[in-house]
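Notes follow once the structure below has been shown.
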Amino acid sequence: MNQGWAERDGNGHYWPGQPPMIPPSFYATPADPLVSPDYAGWWRRSLTLARRVWKPALLLHTIAAVPSLALTVPADVAATAENREFQDLLANGHAGPAELIAYLSATALLLGAVLVAALIAAVVTAVNVHLVIQAATGQPVSLRAAATAGLRRAPAVIGWTLVANLLTSIAVLMCVLPVFYVGAALMALPILVTLERGSGISRAFSLFHADLGTSVARVATVFALMVAATIGLSTVAIALDVIIGGTAGSVAASLWNGVHLLVSGVFLTPLLVTAYADMRSRLEPFSTAYLMPHPTTPPP
């Protein structure tokens, strides 16, 4: 796995050997803001970048949350009400075609709202990635500049996200293990598509397999954080729904879930950007210098 690696740092960690003639600035040193030699370095870099971008990132996600919640909250409330009514009618034997159509229509409306919210989230991710890159490359962290750069890549991110979701759905039909494998390999896909033109699913798998130990450690940590946050916040959402009850409870639970997405979006993106950088550096020569606004193209 470490074939072709050279130049250990002071802690004995390997760094990918770089082809000759590449300028020194493109060499991934242990001080690189994105590429790390070990797990501790990855975690430290991620937290550092999160601290630098959390304010504009929080503003970005707050702005995006408004249309997302405006779509999903009413749709969720309507679907919940229709579901309860349909279940009651079904239990009493009074459910007919009209009630079934109303139930399915409310469910379809909710799925449509969730899909639109997911597309908004994909665009937000592309913008958030550029906020992290600004911080890593020493540029002023500007939400306006990040939005300009991110929106240019938004169609590609949306398209590949839909393809990835389709692939994951196929994996669900196959078995449990393929779901975990496909999900892990594609976790950094939005970052990859945002930063690399013409790249997609196959490139994501290549990066993931370049050094499985590195990839699994990073991706498993992000997945564990997502699961822990989801369990904790979902418990609160369910409690709100039960305690408050009715439509108000459903609204409170939906808003609380929105807070969950808000916070996770701010802090997970730096973890994924640095994970992408680590995976790419294990596959090919790569450093933060490659992501500078107008880098000098390294010789072939």
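Glycine is no exception: its Cβ is also placed from the backbone N, Cα and C atoms.
Automated prediction, rather than curation, is the source of TrEMBL annotations.
Lifted from TrEMBL, the feature list:
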type: TRANSMEM; residues: 58-80; note: transmembrane segment
type: TRANSMEM; residues: 100-133; note: transmembrane segment
type: TRANSMEM; residues: 154-173; note: transmembrane segment
type: TRANSMEM; residues: 216-239; note: transmembrane segment
type: TRANSMEM; residues: 259-277; note: transmembrane segment
Contact ranking winner - 58-80, 100-133, 216-239, 259-277 against the transmembrane segment (154-173), Cβ under 8 Å: 100-133
In contact by Cβ distance (the transmembrane segment (216-239), the transmembrane segment (100-133); 3 or more pairs under 8 Å): no
Residues from the same chain, set at least six apart from the ends of the transmembrane segment (259-277), whose C-beta lies under 8 A from its own: 34-36, 42, 45-47, 49-50, 53-54, 57-58, 61-62, 65, 68, 121, 124-125, 128-129, 131-133, 136, 187-188, 190-192, 195, 207, 215, 218-219, 221-222, 225-226, 229-230, 233-234, 237, 286, 288
